[in-house]
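Below is one structure, written out as structure tokens, with a few remarks after it.
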Amino acid sequence: MRTLRFLLVKEFKQIFRNRTLLPMIFLMPLIQLLILPLAADYEIKNINVYVVDHDKSTFSRDLISMIISSGYFKLVDYDSSYKRALSEVERNKADLILEIPNDFERNLNRDRVQKVFIAINAINGTKAGLGGSYLSTILKEFNKNIVMELDHSFDGKKALKRIDVVNSNWFNPYLDYKTFMVPAILVILVTMIGAYMCSLNIVKEKEIGTIEQINVTPIKKHVYVLGKLIPFWIIGMGVFSIGFFVISWGVYGIVPIGNILLLYGYLALYLVALLGFGLLVSTYAENQQQAMSVAFFFVMIFILMSGLFTPIESMPEWAKWIAKGNPVTYFIEVMRMVVLKGSGYRHIQNHFLIMMGFAVVLNFWAIANYRKTS
Amino acid sequence: MEKEKVISVSGLTKKFGDFTAVNGITFDVYKGEIFGFLGANGAGKTTAMRMLCGLLSPTSGDATVAGFDLYKQTEKIKTKIGYMSQKFSLYEDLTVKENITFYGGIYGLGNRELKFQSKRLIESLGLQSEANQLVGSLPLGWKQKLAFSVAVIHKPSIVFLDEPTGGVDPITRRQFWDLIYEAVKNDITVFVTTHYMDEAEYCNRISMMVDGDIAALDSPSNLKQGHGVDSMDEVFYNLARTAKRKSD
Ligand SMILES: Nc1ncnc2c1ncn2[C@@H]1O[C@H](COP(=O)(O)OP(=O)(O)OP(=O)(O)O)[C@@H](O)[C@H]1O
Ligand SMILES: [Mg+2]
């Protein structure tokens, strides 16, 4: 472990001597975190909702007026024909259909549970998706016993498919879009910095040839890899902390509801997985250009397929699979759950397990693929 | 008395795709000698040396280095050898002292030994006033001498030097060879490639590589005699002109 100490000392000296890298590491994320949430403001008003009310009870009318008064919805029409509602969606006049079944009021009173049905216009997925989640929150507020069935796959040609969204992931529904985005954008920034820096650093040693001088020493592969991982892990923690406390909390006033230690526990694990990815890229790439483009390619996919902008529930099936194989998805989820919803360990247990899997696989793969003898 | 072999190579071959860079070379290097590797650009010197250092896996053939098998005991070999690559590869953004400490540390020198070696090295290289300067700011000749000293900091049995004096002025080259002689005195076997014929004369034995083969292997005086010429230059020319490989 003495060897590791020498590696770490060397790495930190190099990082802190690099006059261009250092400001980039710490300033770039701060600036982006200040600008991006403003630009990526997806808060949506005037969502066109078509209500198909088969019940026409006081209860259903109360619900509708509650939806309208939230300020996020515009009632396209209100009648009892689902077919007409569909044609409004097809003509892009409506983003959402809310179907209230017969005996809505009676069943709720009698059975204490009642299903409603929401169909989403997938053509404007973001708007409708957000609308769907706003709506689900209003429904929950209205009566806890309403069980929703949500249909996302409305794209004009496919048969409707019904999905239960009893456990909706959306917990900061229409209060403040920034509160919803900032923590997730912080995840993205930490991801980009971690992946790029880590992969570029090692490939740079390949390019200038210093890695040969290391490979000709009896150093153990995993020690060398640890010597690269630990510095970037610490930097990742630092960047996250600044973004989290200074910008997210300080500037945007997002006070985490959940346990911060739990969040840091997850961050720690996530960084190991992410840096494992960076290492893996660097073991395959021959030069910095290759490393950069490969890392960029994957980070782009990670970002787009992470549920950052588009809710995962409204993705097509193939995209859902990518999202599930994407470590960023889980961290964004955990971030939103812990910060906005106050979820505890129990709720994110699975997320921990999955991230552990990513960390183990990526790092062992990287170590196996790092060859001292080419 | 039989001389002790520190490197023993037989039929060592390296192919890059269809191209045979090193073509089944066979030779021994004895303890305490300065073994020179000569050859035109692209002859395969670096490739051969990198295989012996465990940086490149051979396509076929066998070798033992410092008594260890090249395939099965690569990491053991690495404790016994030092290597100075053709391309300068110390950290330019670390100081002289930091580079010494780093490599000494990686090779497992104890704290006291590290301090001692670092001080001794800096003094013997006359780098006292540059000790805390970034290596990148040093002139090439000093960098090379530093790289050599770092390559032998852990007292290896063999040091591999790949064109250690390339691009360096004659005076510095002399000083460099003084360092090599000192290493030999400390029981380090030297395996060196060079393009300078005067340096070839300093070697105990020379192997001439032509197009991946060893075309001749003997002491400089025997080689000159065998070719009936009186300079290594002419020996080199006689052998190297048969080469078909284009330099790159
Ligand atoms: N990784 C590689 N892939 C393909 N060909 C290679 C590779 N490394 C070396 N070669 C080729 O193998 C041949 C021998 O190269 P090598 O570097 O060993 O020559 P050298 O004798 O050291 O030459 P120089 O005096 O220029 O350093 C050259 O033709 C080179 O182009
Ligand atoms: Mg060479």
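Yeah, the Cβs are placed from backbone N, Cα and C, and that goes for glycine too.
Unlike curated records, TrEMBL annotations are generated automatically.
The transmembrane segment annotation in TrEMBL covers A:21-40 (among others).
Under the heading domain 'ABC transmembrane type-2', TrEMBL lists A:136-373.
Per TrEMBL, the feature transmembrane segment maps to A:180-203 (among others).
Under 8 Å from some Cβ of the transmembrane segment (A:230-255) lie the Cβ atoms of residues 4, 8, 11-12, 15, 25-26, 29-30, 33-34, 37, 178-179, 182-183, 186, 189-190, 193-194, 197-198, 201, 264, 267-268, 271-272, 274-275, 278, 339-340, all in the same chain and six or more residues away from its ends. Per TrEMBL, the feature transmembrane segment maps to A:230-255 (among others).
Positions annotated as transmembrane segment by TrEMBL: A:261-281 (among others).
Here TrEMBL flags A:293-312 (among others) as transmembrane segment.
Proximity of distant same-chain residues to the transmembrane segment (A:348-368), defined by a Cβ-Cβ separation under 8 Å and at least 6 residues beyond the stretch ends, is recorded for 221-222, 225, 229, 262, 265-266, 269-270, 272-273, 276-277, 279-280, 282-283, 327, 330-331, 333-334, 337-338. The transmembrane segment annotation in TrEMBL covers A:348-368 (among others).
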Cβ contacts under 8 Å made by the transmembrane segment (A:293-312) with residues that lie 6+ beyond its boundaries: 40, 42, 125-126, 129-130, 133, 169-170, 181, 184-185, 187-188, 191-192, 195-196, 199-200, 277-278, 281, 284-285, 319-320, 322-323, 326-329, 332-333
Contacting positions for the transmembrane segment (A:180-203) when only residues 6+ beyond its ends and CB under 8 Å are counted: 21, 25, 28-29, 32-33, 36-37, 40-42, 172, 211, 228-229, 232, 235-236, 239-240, 243-244, 247-248, 252, 254, 267, 271, 274-275, 277-279, 281-283, 285-288, 290-292, 294-296, 298-299, 302-303, 306, 308, 328, 331-332, 335-336, 339-340
